[in-house]
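> Sharing a structure, written as structure tokens. Questions coming.
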Amino acid sequence: MRIGHGFDVHAFGGVGPIIIGGVRIPYEKGLLAHSDGDVALHALTDALLGAAALGDIGKLFPDTDPAFKGADSRELLREAWRRIQAKGYTLGNVDVTIIAQAPKMLTHIPQMRVFIAEDLGCHMDDVNVKATTTEKLGFTGRGEGIACEAVALLVKAAK
């Protein structure tokens, strides 16, 4: 078994909506990013790539490459997952923690879990997503952006 950890952060800028966990969430602010700015899927992709020792999302999909301008992070996650499976890994489970003062995530989390399970070809019981605030402390608490952490467990497939 192998464990990977991922982290991502994006600052608010421009107008919304925002995309988190593949879900379009109405909000007055947008997130500044080269791709769609999905902090949850970026952190998750990094966790999965880290567990498989395949580097990180920036190495695989550099923000200097115009091909990834405005990229759908679900597509990036699926491509990373294909590469991980090619190395002989299956999914144990993933756990994602979104850190944001606003907008509230609770009503959107079930759909995030559905999308992640679809993209990884796994059961919903293998995907956990939760959200928390920083009690108005730090940059997320001041409403300057959103952060996310993710952990992934991979299992080497039996030969």
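Keep in mind that glycine also has a Cβ here, set from the backbone N, Cα and C atoms.
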> For the divalent metal cation site that Swiss-Prot assigns to Asp8, His10, which of the candidates His34, His42 is also assigned?
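Within the candidate list, Swiss-Prot flags His42.
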> Tell me the coarse DSSP state (helix, strand, coil) of Phe139 (4-CDP-2-C-methyl-D-erythritol 2-phosphate binding site).
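Where Phe139 (4-CDP-2-C-methyl-D-erythritol 2-phosphate binding site) sits, the three-state DSSP reduction gives helix.
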> Looking only at DSSP and grouping its letters into three states, which state does His42 (divalent metal cation binding site) belong to?
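Where His42 (divalent metal cation binding site) sits, the three-state DSSP reduction gives helix.
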> For His34 (site 'Transition state stabilizer'), list the number of other Cβ atoms lying within 10 Å of its Cβ atom.
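Total other Cβ atoms inside 10 Å, all chains included: 16.
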> Rank aside, I only need the closest one: which of the binding-site residues Ser35, His42, Phe61 has its C-alpha nearest to that of Thr133 (site 'Transition state stabilizer')?
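If we rank Ser35, His42, Phe61 by Cα distance to Thr133 (site 'Transition state stabilizer'), first place goes to His42.
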